[in-house]
Amino acid sequence: MVEENHTMKNEFILTGFTDHPELKTLLFVVFFAIYLITVVGNISLVALIFTHCRLHTPMYIFLGNLALVDSCCACAITPKMLENFFSEGKRISLYECAVQFYFLCTVETADCFLLAAVAYDRYVAICNPLQYHIMMSKKLCIQMTTGAFIAGNLHSMIHVGLVFRLVFCGLNHINHFYCDTLPLYRLSCVDPFINELVLFIFSGSVQVFTIGSVLISYLYILLTIFRMKSKEGRAKAFSTCASHFSSVSLFYGSIFFLYIRPNLLEEGGNDIPAAILFTIVVPLLNPFIYSLRNKEVISVLRKILLKIKSQGSVNK
């Protein structure tokens, strides 16, 4: 009987959104549109950076990887969420949960380190422009990017491995729209203290290191900007950093609320708005934040549009 109960509770029901038929249809359309825009926007930015030699610099390599990470985040969460709007059971197995969280944790941890790498790149470009190619070499850029993804994989392996020490024998309703670790911990019949402690330590360490790197970089950047005598130089430096800082604020604000706050295991209705911001809104906005405020990207886009327009005129 114990074995039967244990097996039965290896399947869960996601109950994060409304069951109202009209609202379900509306939400499906909205989130499907967001999903398409997110994937197309981010993949387009990756393709733009990959295909134009002018953008093969450390900053754009980091931005390209951030765009790739954001598209992976959308692909890890949204398809199952859209399926559940019209699925009667809204069921997800423990193994599906583990896979979904593994990919989400990997890409979001990589995101943290990539954002810190972009901050360091901006620090070198603004505070030490003459030494930029020495301090921010292509080799270092590749090492930082590779390290971000390795750290993401290791971080997710730890948490996914610890999920399988838990036993689920009570309610199997997850009050969320995707399978995160905290909602699973709330359903565990085994005390999840170790899981919660490891989550707090490792997620906290990642946050402290990456946020610390971002803040220190921006502190030096601000000090350098205020010392600039040229108004044009100051405006250009502010413009360069504004888009990155906007993305950092949205991303870290939501992730801090989700994983670093006290009383993590309290019932998670309040998790959903922050999770929507973290997993859906931020990946949607990032390609527009990075491209629309970036003169290099806009310049390349204009050249592409002019080329397409001129080719169209010739064909006519």
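Each residue, glycine too, has its Cβ placed from N, Cα and C.
The average per-residue pLDDT of the prediction over the topological domain 'Extracellular' (1-25) is 68, rounded to a whole number. What Swiss-Prot lists as topological domain 'Extracellular' is 1-25 (among others).
Among the features that Swiss-Prot reports, N-linked glycosylation site is placed at ASN5.
As annotated by Swiss-Prot, transmembrane segment applies to 26-46 (among others), with the evidence given as sequence analysis. Using a Cβ-Cβ cut-off under 8 Å and counting only residues 6 or more beyond its ends in the same chain, the transmembrane segment (26-46) has close neighbours at 17-18, 63-64, 67-68, 70-71, 74-75, 78-79, 81-82, 85-86, 280, 283-284, 286-288, 290-291, 297.
The topological domain 'Cytoplasmic' feature in Swiss-Prot is assigned to 47-54 (among others); the stated evidence is sequence analysis.
Per Swiss-Prot, the feature transmembrane segment maps to 55-75 (among others); the stated evidence is sequence analysis.
Outside the topological domain 'Extracellular' (76-99) by six or more residues, the chain places 10-17, 24-25, 27-28, 31-32, 34-35, 38, 107, 160, 163-164, 168, 174, 177-179, 184, 279-280 with a CB less than 8 A from a CB of the stretch. Per Swiss-Prot, the feature topological domain 'Extracellular' maps to 76-99 (among others).
For CYS97-CYS189, the entry in Swiss-Prot reads disulfide bond. Counting every protein chain shown, the number of other Cβ atoms lying within 10 Å of the Cβ of CYS97 (disulfide bond) is 23.
Residues or ranges marked as transmembrane segment in Swiss-Prot (evidence: sequence analysis): 100-120 (among others).
Taken from Swiss-Prot, the feature topological domain 'Cytoplasmic' applies to 121-139 (among others), supported by sequence analysis.
For the transmembrane segment (140-160), the list of distant contacts is 58, 61-62, 65, 98, 101-110, 112-114, 117, 120-121, 181, 195, 198-199, 202-203, 206: same-chain residues at least six beyond its ends, Cβ to Cβ under 8 Å. The transmembrane segment feature in Swiss-Prot is assigned to 140-160 (among others); the stated evidence is sequence analysis.
What Swiss-Prot records for 161-196 (among others) is topological domain 'Extracellular', and it gives sequence analysis as the kind of evidence.
What Swiss-Prot lists as transmembrane segment is 197-217 (among others), and the listing cites sequence analysis. Long-range contacts of the transmembrane segment (197-217) within its own chain (CB-CB distance under 8 A, at least 6 residues past either end) are made by residues 109, 112-113, 115-116, 119-120, 122-123, 151, 155, 158-159, 162, 181-182, 248, 252, 255-256, 259-260, 264.
Annotation comment: Swiss-Prot describes 218-237 (among others) as topological domain 'Cytoplasmic', evidence class sequence analysis. Residue counts for the topological domain 'Cytoplasmic' (218-237) under DSSP (helix as H, G, I; strand as E, B; rest coil) come to 17 helix, 0 strand, 3 coil.
Residues 108, 111-112, 115, 118-119, 122, 125-126, 180, 182, 207, 211, 214, 218, 221, 225, 271, 274-275, 277-278, 281-282, 285-286, 289-290, 293-294 of the same chain lie 6+ residues outside the transmembrane segment (238-258) yet bring a C-beta within less than 8 angstroms of a C-beta in it. Feature annotation from Swiss-Prot assigns transmembrane segment to 238-258 (among others); the stated evidence is sequence analysis.
Residues or ranges marked as topological domain 'Extracellular' in Swiss-Prot (evidence: sequence analysis): 259-271 (among others).
Residues annotated as transmembrane segment in Swiss-Prot, with sequence analysis given as evidence: 272-292 (among others). The list of residues near the transmembrane segment (272-292) in space but at least 6 beyond its ends in sequence, with Cβ under 8 angstroms from a Cβ of it, reads 16, 31, 34, 37-38, 41-42, 44-45, 63, 66-67, 70-71, 73-74, 77-78, 104, 108, 175-178, 180, 243-244, 246-247, 250-251, 253-255, 257-258, 298, 301.
Secondary structure at CYS189 (disulfide bond), as computed by DSSP, is coil. Outside the topological domain 'Cytoplasmic' (47-54), and at least 6 residues removed from its termini, the chain residues within Cβ reach (under 8 Å) are 60-61, 63-64, 67, 296-297, 300-301, 304. Secondary structure of the topological domain 'Extracellular' (76-99) per DSSP, as helix, strand and coil residue counts: 16 helix, 3 strand, 5 coil. Spatially close to CYS189 (disulfide bond) yet at least six residues away along the chain are LEU166, VAL167, PHE168, CYS169, GLY170, judged by Cβ distances under 8 angstroms. DSSP places the residues of the topological domain 'Extracellular' (161-196) in helix, strand and coil in these numbers: 14 helix, 2 strand, 20 coil.
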